[in-house]
Amino acid sequence: MTIIAGNFKANLTRIQVATFAKELDSILTDMQTSSHLQVDIFPSHTALLTNNFKHFHIGAQNAYFAQNGGFTGEIGLSQLQEFNINRLIIGHSERRTLFGENQDFINKKFRFYAEAGFEIYYCIGEPLSMRQKGKNALKDFLGAQLDGIDITYPKLIIAYEPIWAIGTGESATLEQIESTHSMLATFTSAPLLYGGSVNPTNAREILCTPYVNGVLVGSASLNIQSFTDIIRASK
């Protein structure tokens, strides 16, 4: 199974996402994609659409670990269920750094949505300073981001996104990707995605790299042409 996912972050309006989704479903129909390809997109909360498309799934970028309640600025399971959404990103570095989500908080979110049967995209990644400390330090750092996470959960997808490569246009080298993914494969048998400045130019090489089961795409997923070019690179 190859997984191609697009994280829209705080981009695209509801109308833009609706247009994007309609075009994507049509293009995937024409491509006659196989059952070995999974395509997911993650719009912002105000742009969520009902998850009823033929060839791809809608997921959420974030949600609080509750059915509903007094959690200003958040959404809960009830809101996701209304859209028939059962996919969620957890642990993204921007949630960890910008919003102060620590490992205990992330663990609670993971357990809640695992119990709800969600497919979970669990993100891990290191700052450049940590990578520069060497392989053992990197292994310890990434391993700590898996503390408390059930790595045997059958609907777990691990997305490795080196923080220094996110949104910078500077992807990790193929050697760095293979080395890190091979190390992560000693922790878990879950699918391993790479994220960090993935684009139509480098997607095929990344997808052909050993231990890489797919990609989590950021800015290159916002344009239907570039995103579908990345999907085509998986064939």
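Each Cβ is built from the backbone N, Cα and C atoms, and glycine gets one as well.
According to Swiss-Prot, the features are:
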ACT_SITE  H92  active site, electrophile
ACT_SITE  E161  active site, proton acceptor
BINDING   N7, F8, K9, G167, S197  substrate binding site
Can you give me the Cα-Cα distance between E161 (active site, proton acceptor) and S197 (substrate binding site) in Å, rounded to a whole number? 9
What's the CA to CA span in angstrom from S197 (substrate binding site) over to H92 (active site, electrophile)? 15
Across all protein chains shown, the binding-site residues N7, S197 give the max Cβ-within-10 Å count at N7
Winner by Cβ contact number (other Cβ atoms within 10 Å) across the recorded positions K9, H92: H92
Longest CA-CA distance among N7, F8, K9, G167, S197, per record bound to substrate, angstrom: 14
For the recorded substrate site, enumerate neighbouring residues of the same chain (Cβ within 8 Å of the Cβ centroid of N7, F8, K9, G167, S197, site residues themselves excluded), in sequence order. N11, I166, V217, G218, S219, S221, L222
Here are the recorded positions: F8, E161, G167. Which has the lowest count of other Cβ atoms within 10 Å? G167
Rounded Cα-Cα span from the residue listed as 'active site, electrophile' to F8 (substrate binding site), Å: 13
I need the CA-to-CA distance for G167 (substrate binding site) versus the residue listed as 'active site, electrophile', whole Å please. 13
